[in-house]
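Student: There's a structure below that I have some questions on.
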Amino acid sequence: MARGKAKEEGSWKKFIWNSEKKEFLGRTGGSWFKILLFYVIFYGCLAGIFIGTIQVMLLTISEFKPTYQDRVAPPGLTQVPQIQKTEIAFRPSDPKSYEEYVVNIVRFLEKYKDSAQKDDMVFEDCGDVPSEPKERGEFNNERGQRKVCRFKLNWLGNCSGIDDETYGYKDGKPCIIIKLNRVLGFKPKPPKNDSLEFSPGTKYNPNVLPVQCTGKRDEDKEKVGSMEYFGMGDYAGFPLQYYPYYGKLLQPKYLQPLLAVQFTNLTMDTEIRIECKAYGENIGYSEKDRFQGRFDVKIEVKS
């Protein structure tokens, strides 16, 4: 037994290092050098092929514009305040109940203040009335960064925060700010005048992408009451001169146009579902994405 164990232990040690043949784990130094050299060259070639493929692919991709722009989905429509579950519930007599919503709006509108748009090297005036899309050249760096249209906060009227720092919440007349999400190169195509029935008090302009808010269900439509829209030129929509968007590299300070809606006569103590939709020839809607071209929000004003 002892001899067998000694012999077995000796063969195991001999496999690790054979002093007679100068072998380590069954290979000589020259053999180990050759096999290591082979794998270094083999994996080096694989890495070279991989890096070369990536470099060729990067040559076909522009950092300023997506290659497959036609496959990008239409932009989403979202609201501020941005809250979880898109539910707004508050009591006008209790400032704490709507503080979160007001702070959310204040923070969002910070970059729309006049003091944040003073740099004439970055911002430019694009008029006070809606006009056609403003082309700023090709999507490349030949002309450097492109200027951005200013957006005046006072266009948002009662929802600007200039005269009412609570944006109507203390009076039970809440405001929401609506924006169209940024899609690089997207140019909205408004619908024809006769293809859309406009709400009372709203008007058509071929250079405005219209937005309308209504009750989501039949019972909601009766409880929404009246509402007011505030935007450039008092149009309920987004003026086209703010498009197309050239991306963060070419327009890092871009300000998307805004539309404010104030609900002035909501039925109290009732949860009301409100749907807002943008209308356009290239605006789409999806059952899988409830923010594509539209959104709905629940609002409850408590007594």
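Cβ from N, Cα, C; glycine included.
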Student: In Swiss-Prot, Cys175 is paired in a disulfide bond with which of Cys149, Cys159?
Tutor: Cys159
Student: Pick from Cys149, Cys213: which cysteine does Swiss-Prot list as forming a disulfide with Cys276?
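Tutor: Here Swiss-Prot pairs Cys276 in a disulfide with Cys213.
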Student: Kindly report the helix/strand/coil residue split of the region 'immunoglobulin-like' (191-303) according to DSSP, in that order.
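Tutor: Reading the DSSP string over the region 'immunoglobulin-like' (191-303) gives 20 helix, 38 strand, 55 coil.
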Student: Have a look at the recorded positions Cys126, Cys159, Cys175, Asn193, Asn265 and say which one has the shortest Cα distance to Cys276 (disulfide bond).
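Tutor: Answer for the nearest of the recorded positions: Cys175.
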Student: Given a Cβ distance threshold of under 8 angstroms, which distant residues of the chain, six or more beyond its ends, lie next to the transmembrane segment (35-62)?
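Tutor: Beyond its ends, the transmembrane segment (35-62) has Cβ neighbours at 27, 139-140.
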Student: Closest of the recorded positions to Cys159 (disulfide bond), Cα to Cα, picking from Ser11, Tyr101, Cys149, Cys213, Asn265?
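Tutor: The smallest Cα gap between Cys159 (disulfide bond) and any of the recorded positions is with Tyr101.
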Student: Going by DSSP, is Cys149 (disulfide bond) part of a helix, a strand, or coil?
Tutor: strand
Student: Taking Cα atoms as reference points, which of the recorded positions Tyr101, Cys126, Cys149, Asn158, Asn193 is nearest to Asn265 (N-linked glycosylation site)?
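Tutor: So, spelling it out, the nearest of the recorded positions is Asn158.
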